[in-house]
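First the structure, in the form of C-alpha cells, and then the observations on it.
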Amino acid sequence: MIMNKKKTLKIALFIFALIVLSAIVGGYEFFRSRVPQMNGEAALSGLSAPVEVVRDRHGIPHINAQTSEDAFRTLGYVMASERLFQMEVSRRLAQGELAELLGEKLLRSDKLFRNLGLKYESEKLFARKTAEKSFDPQMLKEMNAFYDGVNQFVEKGALPIEFKILGIKPRPFSMVDGQSFVGLMGFSFGIAIMTEPLLTDLAKRIGGDLTNDLRNEKIPNEVTRVVDTSSFVSKEVLKVISSLESGFPLFEGSNGWLLSGKRTSSGSPVLSNDPHISYSHPGIWFEAHIKTPEYESYGHFLSLIPFPILSHNRERGWGLTMSLTDDMDIYQEQINEKDLTYRFKGKDLPLEKREEIIKVKNAPDFKMTVFKTHHGPILDYALSETTKEKSLSLQWPFYSEKNDPFTTVFRMGRAKNMQEFKDAVATGMAPGLNILYADKENIGWWIFGEVWKKRPGIKTDFILDGQSGNDEILGTLAMNEKPHSENPESGLIVSANARPAGYPAHLRGDWQPDDRQKTLEKILSQNDKWSPEELMEVQALNMNFENKVLLHALLNDLSFKNKTEENRYEKYVQILREWNLSSEITSIAPSIYYSWARDIQKKMLVNLTDDEKEIFAKVPNGWIFFKRVILEPTSPWWKKFDRAALLKETFIGTITTLEKRFGEDTNEWKWGKLHTLEFVHPIGRVKPLNYIFNLGPYPAPGATQEVNNQKVTSYKGDFAVTAGPSTRRIIDFARPEKAWGILPIGNSGHLLSPFYNDQVQLFLEGKYREELLDLDEGDARFKMTFKSL
C-alpha cells in the first residue's frame with residue numbers, strides 16, 4: 001500500500017511538473033510570438049512603392065522610402081509593433097481613461113485629466129483647423145499616413161502580451177490622441193499647480209518671512225494678497241503625480257549645451273542634450289531613422305506623435321530642455337453655486353459646463369461635471385467632488401486657440417536654415433521649452449512657448465485674484481524679447497533649467513536650482529578643443545560643484561559638546577572632508593552627505609504635513625530652500641531653530657541611522673546600496689508581475705542636481721531614483737552621420753525582444769552607442785520590406 005502511495009505521488013509530481021513545464025514553454029512561445037517580425041516581407045496597404053526597414057545592432061529601424069507619406073505610414077506600423085501598449089496607456093492617461101483599464105485606484109488620475117480636458121481641447125483644435133483648412137497639406141498627409149500605419153497594425157498585428165493579460169483591444173488611434181499626449185507632457189512641467197496653492201496657504205500659517213525662503217525666487221517690492229484657500233489642490237495633484245511617477249513618463253528637468261566650432265576639436269559645432277524625464281518601462285523615446293529623397297531625420301519620437309521631438313540629419317539638429325518659465329497660473333474664482341456663475345470685474349459671467357462619464361473596471365461608471373471660467377478649468381471641484389464658493393482655476397497656454405504644436409514641430413523638421421528653424425520655434429505656444437539648435441556653422445537657443453507679461457509687483461507664484469481683473473495677463477513677450485542666444489562670442493550655450501542670466505526679475509519661472517548650470521559652465525569653459533569622447537564624460541559626470549560650498553558651510557558650523565563626542569564622529573566628518581564630490585555607486589561620502597541634507601530639510605519643515613513635505617521634495621523649491629538656509633545664516637528660519645544644535649542633532653541622527661542599517665564598517669555604506677533605480681512597467685506596479693515586467697533595482701551613480709541628474713523625489717525611505725536622463729545625445733556636425741547616444745533601457749517594449757533591455761548596462765556605466773545615418777553590412781542586423789496590398 002505504501003509503495004502504491006509513493007508510486008502515485010511520483011506520478012502526480014511528474015504530471016504536475018509536465019503541466020508547469022508546458023505552461024512555461026507555452027508562455028515563452030506566446031511571449032515570443034508577440035515580438036515583431038523583423039525579417040522578410042509584409043503587406044502594408046496605401047504604399048506607393050516598397051519600403052525597406054533595416055534594424056541596426058540596437059534595433060533602431062532605418063526606414064527608406066520613396067515618399068514621406070510612405071515613410072510615415074511605415075513608421076506608424078513599426079512604432080505600433082514595438083510600443084502599442086505604451087501608446088494605449090499614454091492615450092488613456094492623457095484622456096482620463098485608465099480606470100477602465102486598471103480599476104478604481106486610477107479614478108483620481110482620470111478625474112484630474114478629464115477636468116483638464118486635454119482630449120476635449122484637442123478635439124476642438126482639430127475640428128476648428130479642419131473646418132478652416134488651415135493645416136499644412138503636406139503635414140496633414142504625413143499625419144494621416146502615420147495613424148493609418150498604427151491602425152493597420154492594431155487590426156492585423158500580433159497584439160502585445162499586456163493586452164492579453166487585461167483582455168482588451170485598442171480602438172483606432174488619431175491625431176487627437178497625439179495632441180492629448182502633448183498636453184500631458186506639458187502638464188508634467190507644471191510645478192505651479194503644486195506650489196502656488198501650498199505657498200499661499202503657508203503664508204497664512206507660518207508667515208510671509210518664513211514662506212519667502214520656501215519660494216523659488218525672492219523678488220523685492222512685490223504685492224502680497226492673502227486669499228482664503230488651502231493647499232488641498234496641491235496635495236491632490238501630488239497624489240496623482242506620485243501615483244503616476246513610477247511607471248509613466250513625466251518631464252522633470254534637462255541638460256543641454258552647444259559648442260561652436262572654435263571650442264571643438266573638429267572645428268564644427270557640437271550639440272549635446274539629455275532631457276530628464278521620469279523613468280518608465282518602456283522608455284519614453286522611440287528611436288527611428290527616416291530617409292526619403294526629400295527628407296531625412298534621425299529622430300527620437302514620443303510614441304503617439306508622428307514627428308520627432310529630438311532630431312538631427314546631415315545638416316542640422318536640435319535638442320530641448322524645459323524652460324520652466326511661468327506658464328501656469330492659479331486663480332481664485334468667486335463662484336455663485338446657485339446659478340453657476342463667476343464674478344469678474346463686477347459682472348456675473350456664466351460658467352462653461354460639460355459632463356464627463358468615466359468607465360471604471362469592476363465598478364459603476366463615475367459621472368462628473370467640469371466647470372470652466374475664461375481663465376480655465378475649475379480644479380477643486382473635480383478633485384473634491386463639491387463646488388466651492390471660492391474655487392481655483394488653471395490658466396495655461398495649452399488652452400489657447402493658437403496652440404498647434406504639431407505644426408510647429410513639423411516646420412522645425414523641414415527648416416532649411418537657422419532662420420527658418422527660428423521662425424518655426426516662434427509659433428510654439430505650449431509646453432515651455434528651451435530649444436537648442438546647431439548646424440554646420442551656427443548654434444542657437446530660443447524659448448518655445450508663451451511667456452506672459454504681468455503687472456509689476458505681482459507674486460505670480462502665489463494664487464492670483466481672479467475676480468478683480470488686476471492680475472490678468474497683459475500680453476506676451478515677442479520672440480526677440482524672450483531669453484535667447486545666437487552664435488555668442490564665447491562659443492558656448494548651456495541650458496540646465498536655471499533662470500536665464502541677464503534677464504529682469506519680472507521674468508518669472510519655476511526654475512531649477514542653478515547647480516547643474518554652474519557646474520557645466522565651469523567645466524565647459526575650461527577647454528576649447530572638446531571632442532565627442534570628452535563630452536561623453538561630462539554628460540555622465542556624477543558631480544555638483546555647488547556641493548563643495550554647501551559642505552564647507554555645513555562642516556564649518558558643525559560642532560560637538562565635548563572631546564568624547566567629537567572623537568565618536570570624527571571619522572565620519574573626515575569622510576566628508578575628503579570627498580572628491582563624485583557620487584559613484586562605491587562612494588561612501590554621498591550616503592552621509594545626502595542623508596544628512598535630507599534630514600536637515602525634514603527637521604526644518606517640521607510644521608508642514610507629510611504631504612506638504614513631499615511636495616517640496618518633488619519640486620525645485622526643496623533644494624533651493626536647503627541651499628538658501630545653509631548659505632544664509634541670517635535666514636529667518638534660524639530664528640526658529642538653533643543652527644548649531646540642529647546641524648549636530650541631524651548629523652548624529654544620520655550616522656545612527658546608517659550604522660543601524662549597514663553596521664559600523666563604513667566600507668559597507670556604499671551609495672549604490674541606498675541610491676537605486678528601477679524601471680517600472682505599468683503592469684509591473686502590481687505584484688508579482690513586477691518580477692516579470694520590471695527591470696532592477698540597480699545601484700545608481702549620480703544624484704539629484706548633479707550633472708548626472710538622477711532625481712529622488714521623496715523624503716521617505718531610501719533614495720529611490722524616479723527620474724533622470726531619458727537619452728543622452730552628442731552630435732558633432734563635422735560628422736553628423738555618426739552621432740552618439742544611448743537610451744536607458746532599449747528601443748523595444750517586448751519582453752523577449754533582443755532590444756528590450758540591451759542598453760541598460762551601457763546607460764548605467766555612462767557609455768554610448770553609435771547613431772548612424774549610413775549603415776554598412778556589419779551594422780544591419782535585420783531587413784524587412786513592406787509592400788502595398
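Numbers here mean position along the shown chain, with the first residue as 1.
Cβ from N, Cα, C; glycine included.
What TrEMBL lists as Ca(2+) binding site is GLU196, ASP326, ASP329. Taken from TrEMBL, the feature active site, nucleophile applies to SER254.
The structure, with features from TrEMBL marked on it.
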residue	record	Cβ within 10 Å
GLU196	Ca(2+) binding site	28
SER254	active site, nucleophile	27
ASP326	Ca(2+) binding site	21
ASP329	Ca(2+) binding site	26
- Rounded to the nearest Å - Cα separation of ASP326 (Ca(2+) binding site) and SER254 (active site, nucleophile): 17
- Task: Please report the DSSP secondary structure of ASP326 (Ca(2+) binding site), reduced to three states.
- Result: coil
- Message: Give me the CA-CA distance between GLU196 (Ca(2+) binding site) and SER254 (active site, nucleophile), in Å, as a whole number.
- Response: 23
- Other than GLU196, ASP326, ASP329, the chain contributes near Ca(2+) (Cβ within 8 Å of their centroid) the residues ALA192, MET328, ILE330, GLN395, THR460, ASP461, LEU464, ARG508
- In whole Å, how far is ASP329 (Ca(2+) binding site) from SER254 (active site, nucleophile) when you measure between their Cα atoms? 23
- Message: Going by DSSP, is SER254 (active site, nucleophile) sitting in a helix, a strand, or coil?
- Response: strand
